[in-house]
């Protein structure tokens, strides 16, 4: 992968793709931003609109619409294309339709000669990331999904409201499926460096009503609470994509909970799931293996088993 340029393509200029593009432009994350959509005129319109906001930023990003052929020189291709779940559906229910879209998208991108990093947000993101890895033939470190990055952010926000602490002082991760079966590694959640389990034990009078299982469920259902009120979510996931892309270009070595293809980590093989990973200019440098408790291991394995069952429906 080239190291001297900062070029991004976004495939899918719906609400998630356009929100991601807006974050990327405002933060000056890349030099060039290519927008691709099945509705080319929509991509053209988004590119025009974003170009017109450049003068109000401290950046100078070239934004334009194009096609898969233009992906050849891109460093990162972000895929947000895919159907939104309907009321009553889970993210997993969109798998069949999303998988068909990926076959066309990945084929077109790879035919251009693309040799960079795929960054996925299309749901169900863990399975779609695995599919894109298989279809592309790229090394597993260069196919990354947003995974539980947004869930981990939601977790920290929920805890911050309960504990009255800045969420940036809370560290911890949701693991497993970006969906209903995700779990939280509570044994590794800290507040100001202090284990949350210790805090809850020592301060029962203040925090005795906090129910950890309820927080896990609230975290997993947060997207649906937004969905019920405004129809879909896009700001959080758009910023998550921009954050990961920035970490790649800046070679930050930042630890982010992403969809990563596992090959022995956590005792799991041939599956893509949400885990903390070190993100660098080459993609995933290393999966961070947390020392989980027996109960956490069981919950994590159960989440992965659910993903495997759905993977079989598209031939994996």
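Any Cβ shown, glycine's included, is placed from N, Cα and C.
Per Swiss-Prot, the features are as follows:
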BINDING   16, 37, 42, 68, 104, 121, 122, 123, 146  NAD(+) binding site
BINDING   91, 123, 124, 125, 126, 151, 152, 153, 154, 233  substrate binding site
BINDING   156, 171  beta-D-fructose 1,6-bisphosphate binding site
ACT_SITE  178  active site, proton acceptor
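Shown here: features listed in Swiss-Prot, placed on the structure.
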residue	record	Cβ within 10 Å
16	NAD(+) binding site	28
42	NAD(+) binding site	16
104	NAD(+) binding site	12
122	NAD(+) binding site	28
124	substrate binding site	27
126	substrate binding site	34
146	NAD(+) binding site	31
152	substrate binding site	26
154	substrate binding site	23
156	beta-D-fructose 1,6-bisphosphate binding site	23
Distance from residue 124 (substrate binding site) back to residue 16 (NAD(+) binding site), taken between C-alpha atoms, in Å: 14
Residue from 152, 154, 156, 171, 178 whose C-alpha is spatially nearest that of residue 122 (NAD(+) binding site), among the recorded positions: 178
Residue 178 (active site, proton acceptor) as reference: those binding-site residues from 104, 124, 146, 156 with C-alpha within 10 Å of it: 124, 146
Neighbouring C-beta atoms (10 Å sphere around the C-beta of the residue listed as 'active site, proton acceptor'): 32
Entries of 42, 146, 171 which, being binding-site residues, have CA atoms within 10 angstroms of residue 126 (substrate binding site): 146
Residue 104 (NAD(+) binding site) and residue 171 (beta-D-fructose 1,6-bisphosphate binding site), Cα-Cα, nearest whole angstrom: 38
C-alpha spacing of residue 146 (NAD(+) binding site) relative to residue 156 (beta-D-fructose 1,6-bisphosphate binding site), in angstrom: 17
